[in-house]
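Structure, as structure tokens:
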């Protein structure tokens, strides 16, 4: 019974992670639009850095129309590619026009995937039944009719529901703010970050509500709750001073990556090594939120990534010191509590490598920065098992891992010399989101090709679920290769342990030159 309950809890956690990951896939590609809107609002509105009545008119339409439509398009495209995105964006206009005074981000996050899924089902039904020669007619009219129906439904049905939901959430936040209880949110948010459940909270609640508040009040504290780098740097500073061995040695580099790069996951293994440090990050987070609430601080747009540099750039006029104070006090409290815990408690039984593997298992995939903490191959097995669980497989861990290994062996994913590269002119790096680690890997390989004089091979990056059917050569981290194979089974697949440091790149480079010289 206890084992069944544990499995159910793990399954629920995976579902929340998957949900958060999907929300993140809609929001993160559009962060640039949020930042552009934030700059326009911060600089040109009446109380901005350089007020300009003419240019300030851009802010309203951008947050009312542009950003919700971009989110809806991204959500629809995730489900049914370009066609799903276009129909989803069109249908979302119904919700936007029905509630023009409320930035309809939440409505776009619902309407986008929903309409994309409906378009996919309509196409699956119609395509086998479409007479030859009528394909364009059926395709265009089916998309147009579905967009028409869903736009009307969005206007009449979804908009009132969204208005009610936004009202309830806003009242809840206002209640916490009024009673000065907003800092208690950190009790949920800070542990959720380390358990990788934060995306569902951050992108599902804070971003829509924060955007709504920023549009009406000019800024929102909700953008500063989860992204504050203070609690994390406090933990790492404690390790720099009181840590030992590998944890101490790696904490310096981790601190730079976390504080200036905004990659918070780099400090998660340090907390997992000593679970009592959850107390430190919670108290640090609460201190930061309490400071911002007391000073009335907030950002005009999402501070993403959670880097101190981004915080400096996004700080509203006249509130730079408030921003610094919130980060400093959060870091100070986190550091003091962590230092006391490390000084007066026993050394952890698990080392940093074990904690990193635990973090990757919790995340359900290989971390793009974990190699900075451990050896290149650390945690691969644990992450592979977790990835299979996240995909909904109900087999036991051993059999799941064996199946994955068999699939990789069948494709010779670790034997670069086993493939023919004579017809390869396009290499694709693929990761979960298609933005972070794969982009860095692709950039590095492009530089290697340039130095080697290989100019006729294009190197790009994308998300695994957006790999094109005609992909020729796909490079993924080992824990994600099985998903890539299932997505494009006819491509050559190469597994690496770390996108930024793999000996297989040199092997690939030599094989490409050799095979293409023969051709």
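Yeah, the Cβs are placed from backbone N, Cα and C, and that goes for glycine too.
Copied over from Swiss-Prot, here are the features:
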- 431: active site, phosphocysteine intermediate (ACT_SITE)
- 394-406: compositional bias 'Acidic residues' (COMPBIAS)
- 425-519: domain 'PTS EIIB type-2' (DOMAIN)
- 431: phosphocysteine (MOD_RES)
- 1-30: topological domain 'Cytoplasmic' (TOPO_DOM)
- 53-56: topological domain 'Extracellular' (TOPO_DOM)
- 78-141: topological domain 'Cytoplasmic' (TOPO_DOM)
- 164-172: topological domain 'Extracellular' (TOPO_DOM)
- 194-280: topological domain 'Cytoplasmic' (TOPO_DOM)
- 301-320: topological domain 'Extracellular' (TOPO_DOM)
- 343-519: topological domain 'Cytoplasmic' (TOPO_DOM)
Test of understanding: give the count of other CB atoms lying within 10 angstroms of the CB of residue 431 (active site, phosphocysteine intermediate).
26
DSSP residue counts for the domain 'PTS EIIB type-2' (425-519), split into helix, strand and coil:
44 helix, 22 strand, 29 coil
Same-chain residues near the topological domain 'Extracellular' (53-56), Cβ under 8 Å, at least 6 residues beyond its ends:
40-41, 44-46
Within the topological domain 'Cytoplasmic' (194-280), residues counted as helix, strand or coil by DSSP:
69 helix, 1 strand, 17 coil
Cβ contacts under 8 Å made by the topological domain 'Extracellular' (301-320) with residues that lie 6+ beyond its boundaries:
27-28, 31, 34-35, 37-39, 41-42, 47-49, 207, 210-211, 214, 218-219, 223-224, 226-229, 259-264, 295, 327
